[in-house]
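Record features, source TrEMBL:
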DOMAIN    275-381  domain 'ABC3 transporter permease C-terminal'
DOMAIN    732-845  domain 'ABC3 transporter permease C-terminal'
TRANSMEM  26-50  transmembrane segment
TRANSMEM  270-292  transmembrane segment
TRANSMEM  327-347  transmembrane segment
TRANSMEM  367-385  transmembrane segment
TRANSMEM  438-459  transmembrane segment
TRANSMEM  722-744  transmembrane segment
TRANSMEM  779-804  transmembrane segment
TRANSMEM  816-841  transmembrane segment
Amino acid sequence: MLRNNNQEIIKKLSKRSFKVNKIRNIISIIAITLTTVLFTSLFTVGVSMMDAFNSYMMMEYGTSSHVQMQEVDKSQIDIIKNSESIDKDSIGIIKNIDSAKNPEFLTQTINLAVYDRQSVKNAINTEMVEGSLPKSKTDIVMPIEVLDMLKLPHKIGTNVSIEIPVVKDGAYTGENKTYKFKLSGYFTYKTATAIPLHDMYVSDDFYNEYKKDNEIGPLCITFNFKNDKNLEKQLEDLINKIKPYSGKYSVNPAFLDNQVTNTSEFIRNVLPVVLLVIVILTSGYLLIYNIFYISVVKDIKHYGLLKTIGTSPKQLIKLIINQANRLSLIGIPIGLFLGFIIGKMLLPVAMKFTTISDLKSIDSSNIAIFIGAIIFSYVTVRISCMKPAKLASSVSEVDATRYSDRDSNIKKKAKKGKSGSKIHKMALSNMFRNKKKALLVLMSMSLSCMIFLSVSTIISSSDPKRSAEGMMVGDIEIQHGEAQNAKIHENIIPIDEEFIKDVKNLDGVKSVDRIYKDYLGRVAYEGMLKEEFLSQRIDKEYVDKYWQGEDPRELAKFHKSVTLDISGVSSGKIIKEMIENNMLDYYGEGNIIEGKLDIEKFNKGGYIIIRGHEGSKVKVGDKIKLKYIIGNTPEEGYTTNELEVMAILDGADNFNMDVYVNEDDYKKIVPKAYVQNVVVNVDESVDEVEKNIEKLNDSYANPYTHISSKRTYIEEAKETQAMITIIGMSGVFIIGLIGVLNFINTMVTNIISRNQEFAMLEAVGMTKKQLKKMLVLEGMYYGVIITFINLTFGSLATFLGFNIMKLRYSVYTYPIEALLICTVLVLLVSVIVPLIVYKIISKESIVDRIRVSE
């Protein structure tokens, strides 16, 4: 068979066909633009957030290097430097001196060290504001936060006094020596850090002078491998080369492969993104496909004539794809530009959902955003136009001349009865004369409505007040940052009892309660408590992650002790409120599975509430002996208390357990019984009481305490709700616009293609009023069916959407208002569009409209 060589003719035909179909082109460009906008804005937010998370992980880790190794000696550093797998330009050396002990640094760890230029470069979270690295023996570079602690000006040349502890024979002598410095530079952090740890930089000259008479800290090295694959294996091989090595080392988590470890993580992290991509693909496909399908059906006789003069099916497909390519060349660039702008606007809003909202700068110009958006948008266009193109290429020359807009596989049946000529019957028949077209419109409009209903459900189901109640028990809480670690921290300043009394005496205060906490409490691993721990389910993934692969049962057996989270409360009503507000759901649901909470009996003492599970060995009424270890091992002594089990909560697993006792019992169990939270409830203005408590707190000058208010949490929850509204409704608007465009395009082409038919109906006696009524009824049928889909499948979508994107403390609320809005809008569009189109086409006379050939 001879091959046709008529590429230029195909291009010319494609170009002319493109110019003729102006309305189709405009709607197609809008559709492609909207689809590209959705993909680009989604990728802008998604990719930028991924990059931001990686940057944030590096900042939290402290360096942009692949690896950080502490306590290395000079010979080991030389081996690392000479290793072929190491990028030598990335190596940074940190020479640690000691921690500063100024009185102002009581609650902070401020390290003094020598950072070489590469180490400073690797310290990704720091940004020099002014000055330079230390050069002389008296130069020092400090964080702004440390300058503020010392109440010193941010000015180069400022005199700085730093107290360094005197160390002899590896032990602190209890004395500090003061060294005088001049500020040569100061830096800030790119993201706020909650960790009370800062570094100050000094010079090599100071380091060399200091180590003559003092013991110094260990060396630290940071570096990159030449290849960032299998970093843990590469590091393991390197450690084997520098053995013996017993120091601490770690791989930067930002460079580790983030693999989804279980189904729940997949559903929470990956599924929402996959669903968004599918929704955008589907909505774009439905519109673009319908546009091309209608265009091909309208021009089917033209394609049939082309086949009669020798055009092959392959060339017809190419002709239509060329038109799609032309439309893509216009629509995709516009969509990229608009989508990137919208994505940039939505990015700060989306970032507020995350723990990295304080990141000062986020790069959203990643080339992957545009590549991804172009690929997905073009794939959507190609998929959408392929089926209509195949339709044009497959129809025979004879069939093309008599091709009808009706479904070809439906046999004509004679209509019996007297109701066939009724307008509502005619409207219903006309609506489904092409079932495929009707189905596409219904799917497109319904998809838009279902997304709108799902987003509305998420918004209406979130309750800011309930969310705040789940974050804290009282209206105001005074929190101690280190009370739970009293066992290992010697110099903690507890909350003063006089301070608590003064809070009680403030006007507007209704009640004051105390919560005690000991996260590091160790108890003897024996008796009923041992049996209870052994009855728990243990996940291998959890053991690998938190126990470094070691069996916690064997560790407990070896140490003869186990960690227990012990909480003490001044009243059982605190536990009651915690359960009611789901504050104890970090393991399970936080519900009582056995027994009941008797507040009066609990407050009298002698009772314990434990976190258990369905198969717990411990039962309500059992007596549990708690042997709390005062030191590190049972041999160092312990307190012994026997308590009766009042109730069992669910959720204990993986060798974790927490228990709740009243205040007096807690003081008997834990020798260092420090108040962690003071819970304040008010009966007047929260703002006024909060201000007075803050003044009191300032007057007692305890560096470990800070004030939290339920009002603040409510405001934050409202902010989150507003963010969901902005992001969700932005997507809903665009997808809704695609759905409406699809409906308008279908109705316009449907009415225009039936112009001759309408003229004939008028010619045989049908009035314009009856025609309008028929068209309105056609539109209303669409509206009614879409409303039915919303009530059924839409309701299911709201429930699924709520559970996939569920916010904590939200309660499923059916979006009745959103459903009513959706129904009204769908019916309005369904009625108004046909009337407007008919008004335009009916201006010509009946004779002129009949003469027009299809």
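Using N, Cα and C of the backbone, Cβ positions are placed for all residues, glycine too.
Unlike curated entries, TrEMBL annotations are predicted automatically.
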Same-chain residues at least 6 beyond the ends of the transmembrane segment (367-385) whose Cβ lies under 8 Å from its Cβ atoms: 32, 35-36, 39-40, 43-44, 47-48, 277, 280-281, 284-285, 287-289, 291-292, 320-321, 324, 327-328, 331-332, 335-336, 339-340, 343
Top partner of the transmembrane segment (779-804) among 327-347, 438-459, 722-744, 816-841 - counted as Cβ pairs under 8 Å: 438-459
Maximum Cβ pairs under 8 Å to the transmembrane segment (722-744) - stretch from the list 327-347, 438-459, 816-841: 438-459
Number of helical, extended and coil residues in the domain 'ABC3 transporter permease C-terminal' (732-845), per DSSP: 94 helix, 0 strand, 20 coil
Rounded mean pLDDT for the residues that make up the domain 'ABC3 transporter permease C-terminal' (275-381): 78
